[in-house]
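So the structure is just underneath, and the comments pick up after that.
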Amino acid sequence: MSKQTLVLLYGGRSAEREVSVLSAESVMRAVNYDKFLVKTYFITQMGQFIKTQQFSEKPSESERLMTNETIELTQKIKPSDIYEEGAVVFPVLHGPMGEDGSIQGFLEVLRMPYIGTNVMSSSIAMDKITTKRVLESIGIPQVAYTVYIDGQDLEACLVETLARLTFPIFVKPANMGSSVGISKAQTKVELRKAIQLALTYDSRVLIEQGVVAREIEVGLLGNDKVKSTLPGEVIKDVDFYDYQAKYVDNKITMAIPADVDQSIVTEMRSYAEVAFKALGGCGLSRCDFFLTQDGQVYLNELNTMPGFTQWSMYPLLWENMGLAYPDLIEELVTLAQEIFDQRESHLI
C-alpha cells in the first residue's frame with residue numbers, strides 16, 4: 001500500500017517560531033509511518049522556504065528538525081514547490097503569518113488540503129479583539145476589556161481603562177499567542193509600559209480585566225459535526241503563565257480531566273462548540289476558559305493551531321478521550337481532506 005505524503009511546515013516568521021519547531025518535532029515522532037511519508041519544510045524568519053528532511057520511518061530520539069543553525073540556503077525553494085498531488089499539509093505554525101489565515105490562503109491557492117481552520121476563522125480567532133466582539137454578539141461571557149489602537153490618544157485610553165477596569169490589568173497584543181508580549185500591570189505607570197511593550201508586537205492592543213480564576217481548556221475536533229473533550233486545567237506555580245513559564249522553565253502541570261462540577265463541564269463544552277461554529281471553525285481548535293471561585297465561566301480565546309508538543313494540552317486532552325496522538329493526526333488528515341473536497345465542490 002502506498003503511503004500518503006504529509007507535508008510539515010514549521011518555523012515561521014512570528015515570535016512563536018521556537019514553539020512551532022517543538023510542536024513539529026513531536027508530530028514527526030507521533031506519525032504512523034505505516035501510513036504516511038513525512039516531508040518537512042522550514043520557514044525562516046524572513047519567510048524563505050527551506051527544504052529540510054524526509055522521513056519514511058520514525059526518527060530516532062536524537063534526531064532533530066533542521067533550523068537556522070543547521071539549514072543550508074542552497075536548499076531554498078520557491079514556496080509553491082511544496083506542492084505535491086495527493087499530499088496533505090500540516091502547517092505547524094503559530095502566531096502571525098502562521099495561524100492568522102495567511103498560510104491558509106496560500107495553501108488554498110495551491111489547491112492543497114491542510115490541517116486546521118480556514119482563512120476566515122483563522123484570521124478572526126487570531127485577533128483577540130475581533131474574537132471577543134464576535135463572541136459577545138452571541139452571548140458568550142467575556143471579561144471586561146478596553147482596546148488601544150496605535151496612533152490613538154493614549155491618555156484618553158488610560159482614562160477610559162481606569163474608569164472601567166481595576167488592577168490587576170492584563171495587556172496583550174491582539175495578534176500574538178503563547179503569552180508573547182503579554183504583561184500584568186498593577187499601576188498606571190506599569191499599564192502605560194505594558195501598552196508600549198504590546199505595541200512592539202502588534203498595532204492593536206487588548207487591555208483586559210485581571211480575574212482570579214482557574215485556567216480551563218477544552219479541545220475541539222471536527223468540521224460540520226464538532227466533538228469536544230472533557231476539560232483540562234493548567235495548574236500554575238507561578239503568578240503569571242507567560243512564555244518563559246510555558247516553554248522554558250516548564251513551571252506548569254496539567255490536570256486532565258479538570259476537577260470541576262459536571263454542570264460547569266457541560267457549560268464549557270457547549271460554549272466551546274458554539275464559539276467554534278460562530279467563528280466558522282473546521283478541523284481543530286482549543287478553547288480556553290477562566291473559571292472564577294464563584295463559578296463564573298469566561299471564554300478567553302480560541303486557539304486554532306494549539307501547541308502539539310508532547311506536553312501540550314490539546315493532544316493530551318484527546319488522549320484522555322481515548323484518541324491516541326497518532327490516531328489524532330490521522331483524524332486531522334481525514335478532516336483536512338474532507339473540508340478540501342467540500343471547498344473544491346463549491347468552486348465548480
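Glycine is treated like the rest: Cβ placed from N, Cα and C.
Under the heading ATP binding site, Swiss-Prot lists 162-217. Annotation for VAL211 (ATP binding site): spatial neighbours VAL143, PHE290, THR292, TYR298, criterion Cβ-Cβ under 8 Å with sequence separation of six or more. Secondary structure at VAL211 (ATP binding site), as computed by DSSP, is coil.
DSSP assigns ASP288 (Mg(2+) 1 binding site) to a strand. The Cβ neighbour count for ASP288 (Mg(2+) 1 binding site), using a 10 Å radius and every protein chain shown, is 19. Under the heading Mg(2+) 1 binding site, Swiss-Prot lists ASP288, GLU301.
Annotated Mg(2+) 2 binding site per Swiss-Prot: GLU301, ASN303, in sequence order, evidence recorded as sequence analysis.
Per Swiss-Prot, domain 'ATP-grasp' is recorded for 132-334, and the stated evidence type is sequence analysis.
By neighbour count, meaning other C-beta atoms within 10 Å, the densest spot among the binding-site residues GLU190, GLU301 is GLU301. The average pLDDT computed over the domain 'ATP-grasp' (132-334) stands at 93. Other Cβ atoms within 10 Å of the Cβ of ILE169 (ATP binding site), summed over all protein chains shown, number 24.
Between the CA atoms of SER183 (ATP binding site) and GLU301 (Mg(2+) 1 binding site) there is a gap of 17 Å, rounded to the nearest whole number. Once Cβ contacts within 10 Å are tallied over all protein chains shown, the binding-site residues LEU162, MET176, LEU197 are led by MET176. Here is what falls inside 10 Å of the CA of ASP288 (Mg(2+) 1 binding site) among the binding-site residues ILE169, MET176, ARG204, ASN303: ASN303. Between the binding-site residues SER183, ASN303, the minimum number of other C-beta atoms within 10 Å of a residue's C-beta occurs at SER183.
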